[in-house]
Structures are given as structure tokens and as C-alpha cells.
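The next block holds one structure in the form of C-alpha cells; read it before the comments.
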Amino acid sequence: MATKPGILTEWPWASLGNLKYLVLAPFVGHSIYSFFMGKEESQRDFSYIFIFFYIVMRMVHHQMWISLSRYRTAKGDNRILDRSIEFDQVDRETNWDDQIILNGVVFYIGYLKFAETHHLPLWRIDGIIITALIHTGPVEFLYYWLHRALHHHFLYSRYHSHHHSSIVTEPHTAVIHPFAEIVTYYTLFFIPLATTIFTGTASIASIVAYSIYLDFMNLMGHCNFELIPKWTFSIFPPLKYFIYTPSFHSLHHTQFRSNYSLFMPMYDYLYGTVDKSSDTLYEKSLERKAELPDVVHLTHLTTPESIYHLRLGFASLASKPHTSKWYFWLMSPVTLWSFFITWIYGHTFVVERNLFRNLKIQTWAIPKYSIQYLMQWQRDTINNLIEEAIMEADQKGVKVLSLGLLNQVNKNGELYIRRHPKLKVKVVDGSSLAVAVVLNSIPKGTSQVVLRGRFSKVAYSIALALCQGGTQVMIDGEEYKRLKALLNPEVATNLVPSKSYTSKIWLVGDGLSEDEQLKAPKGTLFIPFSQFPPRKVRKDCFYFNTPAMNIPKHLENVDSCENWLPRRVMSAWRIAGILHALEGWNEHECGNKMFDIDKVWKASLQHGFSPLTTPSAIEAKA
């Protein structure tokens, strides 16, 4: 929102939320009916029905740029600004598609009102030439002076300041403006289109090409990485007056009083408003190499729908905990296509970068879904991918690599350490911190807990710590015998071989069945010790998050959620790698290796991480 919002700031359909696409429904329905049912085949107008595909094309174009931009800025090569992007910017830019809806409405109404828009030819060269000339002349000139006017304090505070709230720009930033401002821009952009339409020189090609050009230049110019090669201007030096670069426009967002041009900097050169550091920043950005991280967290895709929740996916979905949406079924072809891609693409990719004071952190993802980790014939491929990621991290000088989710195969990474005993990078499974988080999530005064689910290194450690601390642990099955053998007789009395379900504190892992949950008493607190959350069956019970902690304010560039966790919350396994590097612990944590739990917990608190709040409604009564 602008500092002092002016009239027509809000979009007309803002109150509709995600239902705003219903604005287009009557037009889309009418165009489909008219094309297939309303007229004879010879009279059907492809121009009318094409508007829908044009809208979809624009949305796909936008998404391609946001995915590319986030991937490149995470890697770091050619990055322009190092400042962080946070959740407030993502939230501010979630309505990037409003201008596409407006575009669709204008096109549909224009078609219905003006006969000149009917039965447009596919191609006319004169229309394309006229469009290019009018854009280069009147549109660029008028935009330049409009933009300068928008930086006058009266208009800036009421309109344009909303756009400039984003110092570090992303492609979505390009179209984040108040409604009145977008209408003004569209009025300029429709000058070439209206001219060709009413002179009879318009074609589908001229309209689509001009729209692609506007989107391409606008989205490209708001990327936070430089991508136009230097040889482009070396071959034809005057080109710098007709094509701007991302670094050129980035300076406008940091300096505010320079580089006003739309896409062609010639008017900035003509009126002396080019920032003096434009060429320097351009060359510096081009020369910048990919960032070498200190810490890497290795994760993977979870469900097929998780591709949309990746930071490289839909920005608005990535900024919220992973939940399934009803409209995902509409994108099932894309989901299926991505699933097939994971069978053939064989390399990890960078998902995210963060900064903890001077510690550079990256998240890498294995291009495999959780279900693929359970397939026997996929295990060798996945093991190779994990091993390659560890070796790549070692070659890049990474200090610590933490293993997330199902990447903790082969005894939590011990196999890779044995194969490569000279590894400099420290491989961390994060079990010690996960245990510490679970222990500190149990309400104070608890005297008895139920331990259920598939046992793991973390589960055994939790049970041992609780028994040693005097808390009764109720376990059923063979795990009771294994644990009892590890305890001295005095401590072993706290290990109870029981099928009782009376305790209201349940520590649960993978494999917890629905039947077991139904046996828990009303008001039970389920505290997961596994990487994945249990399926929530009971509405009269409380489900805590998987082991995780709130992150401190000085952990920067956090604009997406980690799987199902809330905002600015990280899993214990991911935090463990950061702590390992901050503390300078010079040993691996994998296999059966466990660190001192109290030491790890205190280190996390000292560095600003804080525990999540246990539901206050739970009383520690066992």
C-alpha cells in the first residue's frame, strides 16, 4: 500500500480474494459458446476465443520469470543486490495477476464493442512496424515524463511508493502498482494497439508480439541478476539507448531519482537522468561468480504437489505452510510432467539462500519425491545423488552439510563418511538437536509419556533421556527389549512395557496408525519426533509441529516456508547444520554419533533460536 493511498488505489475485485477470476468467467464462457455453438464454422472468430489462451500465456510467462529469477539469485552468479527479501514483500506482491485479469477484461470488452477487432488476420507486417515505431516514440516518451511525475512527492506518496516498497526487485515487482497507476500504464500501452486496430493493420501476431515484448522487458528488468551479455552492446553500441538492463533499473529502485525510462534508456540520456554508476554496476554484476556457501542443507521434494510450494514455484504458496489446494487438480498435467522429469534429471539444484550474520547458507534439493525414496529400484540412484551432493559441497569448500527428510539413508549418512574418510565438509544428521527440541516440547511436570511409531536414532535417544530423567516411557513390542538392554537396572524401571493409552503426552514417529490415534484419550498432545508430521485424525486432540524452532531476526532472506512449518520456523535438522558451523564443531554427526543434548540445546538458544510454544491448553497430567 502507498504511504498515503490515493483514489482508485484498490483493485475493483480485491474483496473477492481468490474468486477474482470469476470476473473473467462470463467472457470466457461466452467466447467458447460463440466459437463452438453460436455460428457456422466459416463465421467462427478465432480472435475472440484466443483471448483466453492469451491470458494463460501471460500467466505462464510471468511464472517462468519468477522461477528463473529465484533460482539465479539463490545461486548468486550475476546477482545485483545482496539485500534480503522477506515475507512482507511476498505478501505485497501476491496480486501480481490482477493486471492480467484487467488486461483480459479490456480485451473482451474491446472485442464485443468494436467490430474492427473481429476476424483479425494472423500476420501483417505493416501492423508490426507501426506498433514498434509508436512504442519507441510516443509510448516511451510519455512514460518517461509520467514516471518522473510519479516521483513528485504528491503522486509518489499516494501511488508510486507502493511499487518502490520493494528495494530488491523480483519479476512480480514489475506489475505491483495501485489500480489507477496500472490503468494509466495500460492507456499508454494501448496506443499502438488502438492505432493498428482502427487503421486496419492489426493482426494477432502484432498484438501477441507486443504483449510478449512488454512482459519480457518488464519482467526481465525487475530481476535481481544481470543476464544481458556484454557482447550485445559491443557489437552494436547504440543498442544501449534502446534496451535497458536489470542493473540499470535496479539503480532506479535504490537511488529513486535516476533511470526513469520504461525499456529504452534514450530519454534518460537525452534529459541527463542516467545514473552515473549504471555502467559500473552492469559490468560488476556480469563478473560476479556463483556464491560459495558455508552451510548446505540437503532436502528433496515431498509430494508431487510440493513443486508448487518450492521457493522456485509459486511465490505465494511457498510463503505459506504446505497444504493441498482444490485447484491443484487443474494443474495435474504439469504435476505429472514434473514427476516424469525427476526420473531423467540427475542433479541437485539450489532452492534457497540465507544469511546468518556472515554465514552463507544454501538449500539444495534432490530432484526426487518421497515416494521414490521408498522404491527399491530407485535407491542406488538416490544414494548416488546424495553422495554427489556431498562431494560437490566438499569441492566448493562448504563447512557443513546437513541431511534433511529422507536423505538420512545409509545410517544417517555414515556410509558416505566411510567411503570418503578425507572429507573436509562435516556431514550432520541433526539428531541431537531434534532430540533436544522434542524433550523441551514436553510440558513441564510430565511424569509419563507414550512412545509410538517407527523407531529411529532420535526415538531411542529420546527414550533413554526420559528414562534417565525419571519420566516413565510406555513402549510396546520388540523396542522395549532393545531399549531395556541399554539401560542400567535402576533407570530401566522407568521403561514400561504397556499397551495402555491413558497418558495424554504422546511422542510419535512415522507409521503411527489412525487406529492408534483413536485410542488416545481426549485432549492428548501428539509431539512428533520424525521428519514428517502424522496425519491429523483427532479434532479433540492437539498436534505439535515436527521438531523445529523459531529463527532469529538476523537470519535473513527468509521468504518461504520449510514444507509444512510456519513462517520463520526451521526444522531442527536444518538448524543443526547452522549451529555446527557457528560453533565450529569439527566432527561429523551421523551413524550412531550423538552430541551432548544439553550442549546443543544451549547453543541453539545462545544463537537466537527459540522453542515453539506448546499448546497452552495441555496440562501435564499423566
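Residue positions begin at 1 at the first shown residue.
Glycine is no exception: its Cβ is also placed from the backbone N, Cα and C atoms.
Bear in mind that TrEMBL entries carry predicted annotations, made automatically and left uncurated.
Because the structure is a prediction, the values reported are computed rather than measured.
The feature domain 'Fatty acid hydroxylase' is assigned by TrEMBL to 139-273.
Annotation source TrEMBL lists domain 'Very-long-chain aldehyde decarbonylase CER1-like C-terminal' at 449-611.
The transmembrane segment annotation in TrEMBL covers 19-36 (among others).
Marked as transmembrane segment by TrEMBL: 48-66 (among others). Sequence-distant neighbours of the transmembrane segment (48-66) (same chain, 6+ residues past either end, Cβ-Cβ under 8 Å): 24, 27-28, 31-32, 34-35, 96-97, 100-101, 103-104, 107-108, 111, 118, 170-172, 175, 204, 208, 211-212, 215-216, 219-220, 223, 314-315.
Per TrEMBL, transmembrane segment is recorded for 127-146 (among others).
Annotation comment: TrEMBL describes 185-210 (among others) as transmembrane segment.
What TrEMBL lists as transmembrane segment is 326-346 (among others).
Within its own chain, the transmembrane segment (326-346) has Cβ neighbours under 8 Å at 301, 304-305, 307-308, 367-369, 372, 381, 385, counting only residues six or more beyond its boundaries. Long-range contacts of the transmembrane segment (19-36) within its own chain (CB-CB distance under 8 A, at least 6 residues past either end) are made by residues 11, 13, 44-46, 48-49, 51-52, 55, 98, 101, 104-105, 108.
Per DSSP, the domain 'Fatty acid hydroxylase' (139-273) is made up of 92 helix, 1 strand, 42 coil.
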